[in-house]
Amino acid sequence: MQQSTLLKPVSCYGIGVHSGKRTQLTIEPTKENTGIIFIRTDISSENNYIEASYFNVSDTLLSTTISNDHKVQISTIEHLMAALWGCSIDNAIIKIDGPEVPIMDGSSKPFVFMIECAGKKLQNAPKKYLKILKDIKVVHKDCELYCTPSDHMTVDLTIDFSSKAIGRQNLSFRDQESFTKNIADARTFGFIRDVDYLKSKGLAQGASFENAIGIDEQDKILNPNGLRYEDEFVRHKLLDLFGDLYTNGTSIVSAIKGYKTSHALNNELLHRIFSDTTSYKFVTSSEL
């Protein structure tokens with residue numbers, strides 16, 4: 001299997017869910033073995049680019065933020081990263097004229113649509129995979145995420161909320177190709193009781209029912225059209241997991257299991273994997 005990039009550039013406009021700032025984002029093709037690179041076009045400096053890598057993750061509060069050594073940052077990258085992973089895009093340049101990726105409708109679907117409109121180009125380099133060789137586990141209080149060796153990627157994810165609108169939900173995922181049909185359109189969510197506090201901290205400035213599922217104090221879904229799936233919440237957490245894990249630069253070949261995962265836990269798993277060179281190896285499809 002070969003690496004892929006886009007056939008042509010594709011752009012969108014939107015607001016950041018936390019910053020509330022309107023930005024333009026363009027996904028551009030690039031050469032083999034580049035990976036995913038973000039460029040802040042509103043900063044006129046050679047220091048305006050950031051590699052979408054787990055070691056550049058600088059904040060995981062409610063979203064995933066990456067930054068470089070010059071303190072240039074881009075936040076809320078996970079939905080776009082999930083779309084790139086789900087569409088098997090290995091190499092792309094992301095140009096953005098602001099500090100936050102547009103939230104769009106709160107899911108990955110608009111980014112999947114953009115990539116499908118641009119088309120995909122196979123490149124003259126083998127696609128790489130991260131194959132897990134030993135059991136690795138990260139735990140924070142009652143939250144946990146672990147991966148074990150496997151010949152295929154599988155994910156089993158459970159979430160557990162006290163809110164009756166969500167409750168306990170579980171989802172198993174076996175096929176990357178089904179991401180665009182079954183996971184990509186699952187939206188982010190939040191509780192109305194938290195909005196004032198978040199806004200006082202400079203967060204959720206762009207949040208609305210157009211880009212998030214809102215849940216009130218009576219555990220009622222406030223969006224006029226309701227949910228897209230009965231288990232949309234766990235689907236979105238799975239989406240976040242894929243986006244965060246793609247900051248390792250490849251698809252992971254492992255059996256992954258998570259309980260009450262978070263952006264912080266997702267990132268910690270990657271750090272734990274790469275801290276032990278005997279726990280993984282990079283392979284091509286012919287070596288799987």
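Glycine residues also receive a Cβ, built from the backbone N, Cα and C atoms like all the rest.
Model, not experiment: these values are computed from the prediction.
Residues or ranges marked as Zn(2+) binding site in Swiss-Prot: His79, His236, Asp240. Classification of Asp240 (Zn(2+) binding site) by DSSP places it within a helix. Cβ environment of Asp240 (Zn(2+) binding site): Glu78, His79, Ala82, Thr261, His263, Asn266 lie under 8 Å away, each six or more residues apart in the same chain.
Cβ neighbours within 10 Å of His263 (active site, proton donor), excluding its own Cβ and spanning all shown chains: 20. In this structure, His263 (active site, proton donor) is part of a helix by DSSP. Under the heading active site, proton donor, Swiss-Prot lists His263, citing sequence analysis as support.
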Using the CB centroid of His79, His236, Asp240 as the Zn(2+) site centre, which other residues of the same chain sit with their CB within 8 A? Glu78, Ala82, Ser107, Ser108, Ala186, Arg187, Thr188, Lys237, Leu238, Leu239, Gly243
Tell me which of the binding-site residues His79, His236 sits in the most Cβ-dense spot, judged by other Cβ atoms within 10 Å. His79
